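Swiss-Prot lists 12-167 with the feature domain 'N-acetyltransferase'. The site 'Plays an important role in substrate specificity' feature in Swiss-Prot is assigned to Glu35; the stated evidence is experimental evidence. Taken from Swiss-Prot, the feature substrate binding site applies to Tyr37, Tyr154. Under the heading Zn(2+) binding site, Swiss-Prot lists His88, Glu127. The annotation acetyl-CoA binding site is assigned in Swiss-Prot to Ile92, Ala93, Val94, Arg100, Lys101, Gly102, Ile103, Ala104, Thr105, Asn132, Tyr139, Glu140, Lys141.
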Amino acid sequence: MELAEKDKGRDFTLRNARMDDIDQIIKINRLTLPENYPYYFFVEHLKEYGLAFFVAIVDNSVVGYIMPRIEWGFSNIKQLPSLVRKGHVVSIAVLEEYRRKGIATTLLEASMKSMKNDYNAEEIYLEVRVSNYPAIALYEKLNFKKVKVLKGYYADGEDAYLMARPL
């Protein structure tokens, strides 16, 4: 899938990630997030969930990505305990100079659509640092709700919000 997007005068292209994008994805991960994963972790997720793993391209370079996975587990949003197929946003990042241009929103929307249509997920969830106000605002704009606080979730001891929404 390849989509051309225009937002605030910036052109970017969204497409499914490929193996030859992994090095650029890892570079973005290391530059923008304190949570870093080994090479094989990205490769496994791309092989297993590639239809929902997207990159944003500007001038032939990857400037953002979303890496998901699909899981079976208890619903994060239903009142009564029930097992559901759900999408999990493992990692999403956009290079700082390309933020606030609609790239993260577009990445999330494309991945959510694929999780629902290609993987039959019923809901989606993610974890976000309680101090990451811009990300929380983005997720709330996309109708994610704070489900609970995960105390000491991150390696540095910071708490996370678990946020979720139906697909």
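Glycine is no exception: its Cβ is also placed from the backbone N, Cα and C atoms.
Location within the structure of each feature annotated in Swiss-Prot.
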residue : record                                                  : Cβ within 10 Å
Glu35   : site 'Plays an important role in substrate specificity' : 13
Tyr37   : substrate binding site                                  : 17
His88   : Zn(2+) binding site                                     : 20
Ile92   : acetyl-CoA binding site                                 : 24
Val94   : acetyl-CoA binding site                                 : 22
Lys101  : acetyl-CoA binding site                                 : 22
Ile103  : acetyl-CoA binding site                                 : 25
Thr105  : acetyl-CoA binding site                                 : 16
Tyr139  : acetyl-CoA binding site                                 : 24
Lys141  : acetyl-CoA binding site                                 : 10
List only the single closest residue to Tyr37 (substrate binding site), chosen from the binding-site residues His88, Ile92, Val94, Lys101, Lys141 by CA-CA distance.
Ile92
Could you tell me the mean pLDDT the prediction assigns to the domain 'N-acetyltransferase' (12-167)?
96
Could you list the residues of the same chain, at least six apart in sequence, whose Cβ is under 8 A from the Cβ of Glu127 (Zn(2+) binding site)?
Leu150, Tyr153, Ala160, Tyr161, Leu162, Met163
Do any residues at least six apart in sequence from Tyr154 (substrate binding site), in the same chain, have a Cβ closer than 8 Å to its Cβ, and if so which, in order?
Pro34, Glu35, Arg129, Ala160
